[in-house]
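Below: one structure, written as structure tokens.
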Amino acid sequence: MIESCFNVGIWATGLALLMNQGQSPLLSNVGLSVLAYKATAMFIPRVGPSFIKRGFSGKDMNKVEKYVIPETMGAVSALVYFMCMIIFIPVLFYKYLVPNHNPNLPSDGSVAEVAKSQFPHDLLGAYLSALLSILSVSLLGILDDLFDIRWRHKFFLPAIAAIPLLVVYYVDYGVTYVSVPSIVRPFLKRSLINLGFLYYFYMAAVAIFCPNSINIIAGVNGVEAGQSLVLALVIACNDLFYVLSPKNKDALRAHLLSLYLVLPLIGVTAGLLKYNWWPSRVFVGDTFCYFAGMVMAVVGILGHFSKTLMLFFIPQIFNFALSVPQLFGLVECPRHRLPKLNVKTGLLENSYTEFSLNEHPLPKKTLLTISIFEKLRLIRVEYDPSTGRPLRCTNFTIINFVLYHLGPMREDHLTICIMGLQLLTGIFGLIIRHFVAPLVYPEDNI
């Protein structure tokens, strides 16, 4: 009874915020995000059996009893997100669609004409291009879950999905310059450097990196949704710095748009994490990783903080750099690099890449790579005591890196460690952006 009343209260709060009397789009978006959380949490257990019947299912490899549970539940989160963002369109532009309620417009018969002339077509274009790019990458995720597309075939596809966004950015904003640090300006004799089309290549690279980087930190209950939730919260905090203390109109508008896109992501991710947390009752699938990563790339580009975004993605950058030897064939890469369950202790331990005993000797590139990474304490290598030949090494992932340094741990504790690391780097990024960067960059280029 108490739980039912609590749930009704959450639904009522979301609806009240959505239809707030002040017609504040931000408050309405907060309410919509609350409803997105409840809708995601409601739909997932109801559609799970249907997903299993259609073949969208899998077994949790890190459990003693490997039950079949529904997979690709990220598609439910993405669908709820898109429904919410479509519903939000008339809310965002309410004062232009219903001009009689806009106090800033004249009260005579010309109110409709004035409202039409003031309608922010550029904001609508940016909003719709963002949804189109996110939808395109979400479809890529669904296809990947269906057909298990190879990395070399899908790696660059998010850049194609970002084309609508980049075109709108080119037409409406066109900002391609970067600020030069004040200590370097006397030598370069300029405060700005115009990168031209190189800046668009950089933004395309951001669109490629964000979805893929979420996707390769995986294999543990809750880690994909958990890292995405922390990242989205940090991005929202970054936006609030500008919204609560606006320095200029352009910065306020850019970060409000970012908030409109990222708050519903927080809602649907929290709803998904409720069922993906250890012991997981659903798998998120590649769909969620691509969807969530693209939302973050989009808000970074439209919010003009794509460089700051990379500070928040430090764990993902570290994981990608650590994974390079296996991704590019310097060291053998197994099909799955997730940690292994010790059945006796119930704890997760490092997974290893085994080196074939029939291969004499190991390639020089492999020996050099594992030697360097071992000296940097990034991996553990086990050797044959009689010959000194490497027998196996831990897989090159941040999850195995954490297990290597902190030792075996329970699955949910490992996810908490990854989320904690994500939060610490997010706070570090906020400190760098809002307290250190102003000392180096006198002007804020939003």
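Cβ atoms here come from the backbone N, Cα and C positions, even for glycine.
Lys154 is the only one of Lys154, Lys249, Lys274, Lys307 that Swiss-Prot places in the dolichyl phosphate site (with Ile208, Phe209, Cys210, Pro211, Asn212, Ser213, Ile214, Asn215, Ile216).
Taking a C-beta cut-off of under 8 angstroms and a sequence separation of 6 or more, Asn221 (UDP-N-acetyl-alpha-D-glucosamine binding site) has the following same-chain neighbours: Asp60, Asn62, Asn276, Trp277, Trp278, Pro279, Ser280, Glu411, Asp412, Thr415. Residues of the same chain lying 6 or more positions beyond the ends of the transmembrane segment (311-331) and with a Cβ under 8 Å from any Cβ of it are 151, 209-210, 213-214, 216-217, 227, 231, 234-235, 238, 337, 353, 365-366, 369-370, 373, 378, 393, 395-398, 401, 418, 421-422, 425-426, 428-429, 432-433.
Considering only the binding-site residues Phe209, Pro211, Ser213, Asn215, Asp286, Glu71 (UDP-N-acetyl-alpha-D-glucosamine binding site) has Asp286 as its nearest partner by CA-CA distance. Note on Arg337 (UDP-N-acetyl-alpha-D-glucosamine binding site): other Cβ atoms within 10 Å of its Cβ, all shown chains, come to 20. Counting Cβ pairs closer than 8 Å and at least 6 residues apart in sequence, the transmembrane segment (123-143) and the transmembrane segment (282-302) reach three or more and so form a contact.
For the transmembrane segment (155-175), the list of distant contacts is 122, 125-126, 129-130, 132-133, 136-137, 140, 200, 203-205, 207-208, 210-212, 290, 293-294, 297-298, 301-302, 304, 445: same-chain residues at least six beyond its ends, Cβ to Cβ under 8 Å.
Note: the Cα of Ser213 (dolichyl phosphate binding site) and the Cα of Asn395 (N-linked glycosylation site) are spaced 17 Å from each other.
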